[in-house]
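Asker: In case it's useful when we look at the structure, here is the feature table from TrEMBL:
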- Tyr51: active site, proton donor (ACT_SITE)
- His128: substrate binding site (BINDING)
- 24-278: domain 'NADP-dependent oxidoreductase' (DOMAIN)
- Lys95: site 'Lowers pKa of active site Tyr' (SITE)
Amino acid sequence: MKPSPRPALNNGVHIDQLGFGLYKVPPQDAAALVATALGEGYRHFDTAAMYGNETGVGRGIGGAIGTSMASDGGTGGSGEGVHSLERQDIFVTTKVWNDDHGYDATLRAFDTSMANLGLDYVDLYLIHWPCAGRGLFLETYRAMETLYREGRVRAIGVSNFQPGHLEQLMHKAEVVPAVNQIELHPWLQQTALRTLHEQLGIRTEAWSPLGRGHVLTDPAIGALAEKHGRTPAQIIIRWHLQVGNVVIPKASSAGRIKENFDVFDFELDAGDMDGIAGLERHHRTGSHPDNVN
Ligand SMILES: NC(=O)C1=CN([C@@H]2O[C@H](COP(=O)(O)OP(=O)(O)OC[C@H]3O[C@@H](n4cnc5c(N)ncnc54)[C@H](OP(=O)(O)O)[C@@H]3O)[C@@H](O)[C@H]2O)C=CC1
Ligand SMILES: O=C1CO[C@H](CO)[C@@H](O)[C@@H]1O
């Protein structure tokens, strides 16, 4: 399997553009699923304190470090093109949950996440939701800047931030957020927010990139799948990669984990991309950020 592209974030840290999402992965299954995904070539994992599975994710990663991996992606035996997997080969994101906003609470929440993960650092730490009603996200972000300066996180960012939240943050922040992780899929393309991110140097990361599975049923996606001899999930993931999103589909079976990573040897053409652009419905599968506090 070919490896994921690894674009640089605004601070020069590289992120695997295709990662693996772990929302709703039961804690007892997380380690095995992470190990399966590593074997298929994934090197980027997205968890959160709220998902309750950081311990399993950390165990899956810890168990794989030092094992032999083919340098083009998945697992390998011994021989040419095989190297020992190191911590720096893997990109781990976790997030501070809504109840832990505020400077001191965020630092405490980070320590708890680190203890759960059993890692020395995380690659990306995100504010999970702005929770604007609480009025604390600037203080939360200040704590994240402290963690960044201390080298405990390689990059910091936000999630579910709307333009107004970004504007307030950019006014005060000393470190420009590397990422805004938002709901984004063919039925909710977030065109205006993506443009704003580009202007600010913030990477767009797509959560629920398959619309929690619902967008897979779109007939236009089905037609493209047929045209390319691919599956609907592969068409949607390929679309995310080609528009430049970081994308973190979640899957529960080895077959789907493999299928979702097998997207680096075909391309959607301009007509295909235009067709998907036309599927916009402004349809959310999750909450609107204004309604989460
Ligand atoms: N920052 C935030 O607020 C949020 C972040 N996230 C992050 O984004 C990640 C992905 O989003 P998520 O909500 O999980 O939804 P996704 O859009 O990734 O869809 C996951 C669903 O699609 C199904 N699926 C996956 N691959 C295939 C396939 N090849 N064929 C058929 N069905 C498939 C899965 O089924 P099955 O599992 O049964 O295989 C699951 O039901 C999360 O896991 C989390 O890490 C998500 C929501 C909010
Ligand atoms: O990351 C998340 C997973 O999905 C949940 C339910 O929509 C969200 O609340 C949360 O932000």
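In case you wondered, yes, glycine gets a Cβ from its N, Cα and C as well.
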Asker: Compute the C-alpha separation of the residue listed as 'active site, proton donor' from His128 (substrate binding site), stating it in Å without decimals.
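Answerer: Pair distance, Cα basis, whole Å: 11 Å.
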Asker: Just to be sure I understand the packing, how many Cβ atoms besides its own are within 10 Å of the Cβ of Lys95 (site 'Lowers pKa of active site Tyr')?
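Answerer: For Lys95 (site 'Lowers pKa of active site Tyr'), the count of other Cβ atoms within 10 Å is 26.
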Asker: Take every residue in the domain 'NADP-dependent oxidoreductase' (24-278), average their pLDDT values, and give the whole-number result.
Answerer: 96
Asker: Enter the number of other CB atoms within 10 angstroms of the CB of His128 (substrate binding site).
Answerer: 22
Asker: Please report the Cα separation of Lys95 (site 'Lowers pKa of active site Tyr') and His128 (substrate binding site) in Å, rounded to an integer.
Answerer: 5
Asker: Give the three-state DSSP assignment (helix, strand or coil) for the residue listed as 'substrate binding site'.
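Answerer: In three-state terms, the residue listed as 'substrate binding site' counts as coil.
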Asker: Which of the three DSSP-derived classes (helix, strand, coil) applies to Tyr51 (active site, proton donor)?
Answerer: helix
Asker: According to DSSP, which of helix, strand or coil covers Lys95 (site 'Lowers pKa of active site Tyr')?
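Answerer: The residue in question, Lys95 (site 'Lowers pKa of active site Tyr'), is strand (DSSP, three-state).
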